[in-house]
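These features come from TrEMBL:
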- 414-437: compositional bias 'Acidic residues' (COMPBIAS)
- 34-191: domain 'Zinc finger ZPR1-type' (DOMAIN)
- 241-410: domain 'Zinc finger ZPR1-type' (DOMAIN)
- 412-437: region 'Disordered' (REGION)
Amino acid sequence: MTELFNPIGEKVEQAVQANGEAEDDFKPIDEIESLCMNCHENGMTRLLLTKIPYFREIIIMSFNCDHCGFNNNEIQPAGTLQLKGVHYELRLRDMEDFQRQVVKSDTATVKFIELDVEVPPGKGQLTNVEGLLTTIVDDLVFDQEKRMKETPEAAAKVAEVIAKGRQMLAGEAFPFRVSVDDPAGNSFIAPDPRDGVGKWEKREYLRTPEQNEALGLADTNTEGLDDNGDIIPDHVYQFPASCPGCMHPCTTNMKMVDIPHFRQVVIMNTSCDDCGYKSNDVKTGGEVPEKGKKVTIKIKTPVDLARDILKSESCQLECPELSLSVNPGTLGGRFTTVEGLLTQVRDDLHKQIFEADADVEKTKRKNDSLDSTEASRWNDFFDGLNSAIKGEREFTIVLTDPLAASYVQSLADNPDEPDEQMTVEEYERTEEEEEELGLLDMKTENYENDV
């Protein structure tokens with residue numbers, strides 16, 4: 001079976017080989033004569049089916065009209081809608097960050113937060129952060145003269161945005177943030193192995209009914225609730241869904257259970273009988289505690305790798321010896337073992353950095369878009385992670401959760417107490433954490449007076 005979506009590097013190698021063998025029938029780019037919407041003459045549309053590193057299969061489209069000179073370029077995801085929406089945020093601190101690769105699908109919203117400018121869903125793009133910001137500034141400048149004549153007050157405000165945007169491009173306004181939010185889950189901002197905590201963040205989320213409707217998906221089912229409309233414990237709920245792997249109909253199962261010596265959680269699972277796709281997520285429930293919790297566990301033996309661990313959505317995971325840092329929201333909620341959690345982190349990150357079908361156990365991995373230094377850095381990182389998963393090295397896991405919703409199994413005689421390899425400490429949440437969780441705006445008493 002012929003592979004349609006090869007990496008760009010392989011496309012080039014095939015073209016060179018075909019040219020050397022005088023095979024004129026090989027065309028890495030498909031050309032289709034199509035109507036120009038500008039002059040209504042026939043132009044040429046070129047399509048390239050490829051895999052983009054850090055992402056997945058896409059179709060790159062380019063249209064050009066020789067009659068009027070009109071041209072247009074865009075990308076479309078060649079896969080399917082993902083099970084969850086995704087939100088990326090990058091904090092830019094130097095000029096090098098402008099070169100971060102960005103994949104923006106036609107359902108994604110881009111926002112430069114400090115600039116207070118938002119780009120609504122529209123044409124798909126494969127670009128970088130500098131390209132996104134440059135396009136915004138150029139679009140604002142384009143109609144500025146007309147705006148000055150018709151609405152001077154609005155033009156003055158736009159001029160301030162243009163000036164600030166140019167300062168950002170010149171490197172005079174660091175740090176600032178850019179976010180990409182895509183309910184279809186088909187957009188991306190590239191990470192870097194040197195990113196520290198708080199610089200690059202990925203957060204997956206369940207779509208709202210309105211977002212599902214906008215994407216043409218069926219709404220969820222709310223049957224089987226108690227008289228108060230609450231979830232019934234130990235009752236399995238089923239929701240119709242579409243498999244993100246093959247787009248065939250599948251089922252999402254949800255159940256609320258009690259984790260011994262911890263609390264009540266909601267476990268969600270999606271499986272597809274057609275292609276074998278599986279995913280799971282865990283949501284913690286209950287009241288918001290007064291303090292956050294930090295759990296530190298030293299992993300020394302294979303027994304420690306088999307400990308149960310719950311990482312909530314609000315939890316930050318760190319392994320200093322492995323140079324691993326997972327920001328809150330990344331991976332969603334996970335209830336598994338220490339070995340299982342590290343394996344999920346490795347596999348998810350490996351698919352984004354290298355090709356999806358590359359072997360995670362290989363010591364020499366290949367990505368056409370990475371220079372030798374960056375590729376070597378990623379290879380060293382994955383080699384260290386593999387050693388930890390196999391139990392060949394000791395390391396430390398630190399779970400910092402402002403909602404105290406994460407858990408590591410204790411091997412002490414009293415399971416409610418930490419064992420000798422664990423330390424559990426409570427801490428006061430920072431104002432930034434409280435704001436991030438929406439707790440500063442929450443009012444639970446006398447709220448009726450504000451109505």
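A Cβ is built for glycine as well, from the same backbone N, Cα and C atoms used for every other residue.
In TrEMBL, annotation is done automatically, which means it is predicted and not curated.
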Same-chain residue ranges lying at least 6 outside the compositional bias 'Acidic residues' (414-437) that approach it to Cβ under 8 Å: 260-261, 288, 291-300, 304, 314, 402-404, 408
Counts of helix, strand and coil residues, the compositional bias 'Acidic residues' (414-437), according to DSSP: 6 helix, 6 strand, 12 coil
Across the domain 'Zinc finger ZPR1-type' (34-191), average pLDDT on the 0 to 100 scale: 89
